[in-house]
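Per TrEMBL, the features are:
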type: BINDING; residues: Cys16, Cys18, Cys38, Cys41; note: Zn(2+) binding site
Amino acid sequence: MKTGIHPQYISTDVTCSCGNAFTTHSTKTSGSIHVEVCSNCHPFYTGKQKILDTGGRVARFEARYGKRAK
């Protein structure tokens, strides 16, 4: 690597809006990052994810075109 062209890679504190805090490394110079969602409060990671059905696309297709008899 060339010297003098890369930003400093420093330890950074990350704070979520839910109150969870952890430390990582980043090139952000302030040393702290505030995020709205983390793995502690995101529905995908907490198991509270809702899977939405798009209205039965197969059923709409079959109703529109019908099943063709062979």
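Cβ coordinates are placed from backbone N, Cα and C, and glycine is handled just like the others.
Annotations in TrEMBL come from automatic prediction, not curation.
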Near-site residues: Zn(2+), ref Cys16, Cys18, Cys38, Cys41, CB cutoff 8 A to centroid: Ser17, Gly19, Asn20, Val35, Glu36, Val37, Ser39, Asn40, His42
Around the Cβ of Cys16 (Zn(2+) binding site), the count of other Cβ atoms that are within 10 Å: 18
Other C-beta atoms that fall within 10 angstroms of the C-beta of Cys18 (Zn(2+) binding site): 13
Cβ neighbour count (within 10 Å, all chains shown) around Cys38 (Zn(2+) binding site): 17
